[in-house]
Amino acid sequence: MSITYNEKERSFKLRANNTDYMFKVINGEYLGHVYYGRKVPDEDMDWLLRFDESPFTPEKNNRDRAVYLDTTPFEYPCFGIGDYRESALKILDSDGMSTCDLRYVSHRIFDGKPALEGMPATFATEKSPAQTLEVTMKDAHTGLEAVLVYSVFENLDVITRSVRFKNTSDKPIKLTRALSACVEFDTDKFDMITLNGSWARERHIERAPLHHGKQSIDSCRGESSHQNNPFAALCDRNADEDMGEVFGFNFVYSGNFVAQAEVTQHKKTRFVMGINPLDFEWLLDAGETFTAPEVVMVHSDEGIGKMSRIFHDLYRENLIRGEYKDKRRPILINNWEATYFDFNTDKLIDIAKEASKLGIEMLVMDDGWFGHRDYDNSSLGDWFVYEKKLQGGLKHLVDEVNKLGMKFGIWFEPEMVSPDSDLYRAHPDWAIQIKGRDMTLCREQYVLDYSRKEVRDYVYSMIKNILDNANIEYIKWDMNRQLTEVGSAALPPERQRELWHRYVLGVYDLMGRLTTDYPHILLENCSGGGARFDPGMLYFSPQIWCSDDTDAIERLKIQHGTSICYPCSAMGAHISDCPNHLLNRNTPFKTRGHVAMVGTFGYELDVTRIPQEDRDMIPAQIEEFKKYNPLVRTGEHFRIGNMFEDNTWDAWMFVANDKSEALFEFVQVMARPNYRSRRIKLKGLDPDAYYYEESEPDKLMSGAALMNAGINCAKIWGVDGIKGDYSSKILHFVRK
Ligand code: DGJ
């Protein structure tokens, strides 16, 4: 049993592999948090509870009840009753009051993990099972009921949280803040790690010590965003990749969010995560329900690296679904950076012909094939073929590509509408807007009101028409702008603030329909690069385009940051042309290959026009990718270099789960003179086993020496090694 209830203490203990999480029903029927961290024996539970410690004693100290409420560590704190720290719940009742006071009513423990209605969430599998605890709480004054849902993945150090609300009264209640999780820690000695950036430099790592007050990241853009990823970790001040205690939190959601740590007056930390309360409201009429999305909590007692590997294992087994879950993805060539909008059937077939000869397996036709789209200023919403470009139609093109032995993939941006489109002219009210106000254009487009079923149905019928008329085996689902003037022509005034969340639910509904109706189609999510690289999207698509920045050197940071909580096997990564279109930087074709090999791998260039020497490298590059992809998809990932600390080099490893082989990749960003006799320590090997590097099968090295002393760097940049800036090398270690 990973979840136990102690009747006498009225306490709950959730054991996830090496992690314990404890809370209990305390005086006054509140739910008090006890402990989260490394495993502790059951018999220590009673003194750990410490609720007899002043001022945790409301019945003995009723005159200072507010002190009690402002000090006690709570599982799900409510606004208005004297807890002045960040709350998880705030309401507006039918009298216009914002106070809520949830108290314990009952609980149940059961095997498995229920799905969240209409929303993505992790799920239990036979290989990685889960157990669930639901604690029902109620506010007697308003009749608002909240069910706190905890699931424990017993083989992983993972606990998930979400909350289901129900209005059990006959009067309306509005939720104005309904976060998914609150976790209390007895210390302020934490660093907070977040993944931040902008377009073309997503998920760069930031790390800063907590201090008094609130430190938060959020999105209020309607998507999880380029700027802040819905991830945060709290770690020991001295934690590094390999040691120290780390608590990682990731929100399984693709819209507005907040992640916040607050250091309180007593130098403790309260962490909360959930839908961003900014501009959020949800009306619950009598009997209605609302579910707050899932937060995944990972605990590592061996540094940031182990936290990442736990996230990777969980997402690969318990979040990603579909036919490609455990399969190598087809090696694709995408025409975006090759042609942008300037292509036609002949050009695409020329690219496909050359690509197929080299071993590339799929052609992806990106933006510009529909309506009358010659630039980014028209036709979104008109999902019919632009005959001027695709002479002979889509089926003809797809058939020709299939005849070459290649699959065919296509780009859509289903959530958008261009002002210059038949769709907008017919249904201007289908765009998100506030009647009478100017609408803000962004990339020359508006956002469709996905809270409306008729809008989703229409878009889906157009997409279906395309999919049913040609052999399409891959879709890139793009989303290229954020939301503004958030209003819906279909919602009453008292429900307008629900649109942010209803929009996200609409997106999930359509992605769900698409992946159910077309299970064989490989879906890749994308949002102006990597603005929706989040677990919500991973539930629908086993891969997500990491960034519009395809420069191999910039990708080192982006991919390193992304790997903090997302598996490399889900990172869309392509070899693009040089000089790089964003940075004008030239990097060797080989290095571009080694960096793209970390992810799903593909090409994004005009293969008919690149230098012959680069083209000649492609077949061997593809073989190399195929050889190592099983390790990347299923192995354990270890970060060795860190470009955020030293941007002259980077290195990482993928190690087979049985430790029988390991791939080591090294990129020399800046060559350095006279840099001798140095070693790099490998990670994750079996210390007691002997390994050889594939190019020297007779030279055995112990795992212990490779990890504790390190490989001699002469192996990398010695006489036969790599030379110059931006060069790279891979080494393959095999157990004897
Ligand atoms: C943004 C994506 O990230 C690019 O890869 C490309 O698909 C463009 N949109 C097309 O408009």
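Quick reminder: no glycine exception, Cβ is built from N, Cα and C everywhere.
Remember, TrEMBL labels are computer predictions, not curated facts.
The domain 'Glycosyl hydrolase family 36 N-terminal' feature in TrEMBL is assigned to 30-284. Among the features that TrEMBL reports, substrate binding site is placed at Trp199, Asp366, Asp367, Arg443, Lys476, Trp477, Asp478, Met479, Asn480, Cys526, Asp548. The active site, nucleophile annotation in TrEMBL covers Asp478. Look at TrEMBL and you will find Asp548 tagged as active site, proton donor. Residues or ranges marked as domain 'Glycosyl hydrolase family 36 C-terminal' in TrEMBL: 649-733.
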**Message:** Please list, in sequence order, the residues in the chain of Asp367 (substrate binding site) that are at least six apart in sequence and whose C-beta is under 8 Å away from its C-beta.
**Reply:** Trp336, Tyr340, Phe341, Arg373, Asp376, Trp411, Glu413, Asp478
**Request:** Would you mind splitting the domain 'Glycosyl hydrolase family 36 C-terminal' (649-733) into helix, strand and coil residue counts from DSSP?
**Result:** 10 helix, 33 strand, 42 coil
**Fill in**
Other C-beta atoms within 10 angstroms of the C-beta of Asn480 (substrate binding site) total 20
**Request:** Based on DSSP, name the secondary structure state of Lys476 (substrate binding site): helix, strand or coil.
**Result:** strand
**Asked** Which of the listed binding-site residues (Asp478, Asp548) has the least company, meaning the fewest other Cβ atoms within 10 Å of its Cβ?
**Response** Asp548
**Complete:** Checking the binding-site residues Trp199, Lys476 for other Cβ atoms within 10 Å of each Cβ, the smallest tally belongs to Trp199
**Request:** Tell me whether Asp548 (substrate binding site) sits in a helix, a strand or coil according to DSSP.
**Result:** coil
**Complete:** Among Trp199, Asp366, Asp367, Arg443, Lys476, Trp477, Asp478, Met479, Asn480, Cys526, Asp548, the record's substrate-binding residues, the widest C-alpha separation in angstrom comes to 19
**Fill in**
According to DSSP, Asp367 (substrate binding site) sits in coil
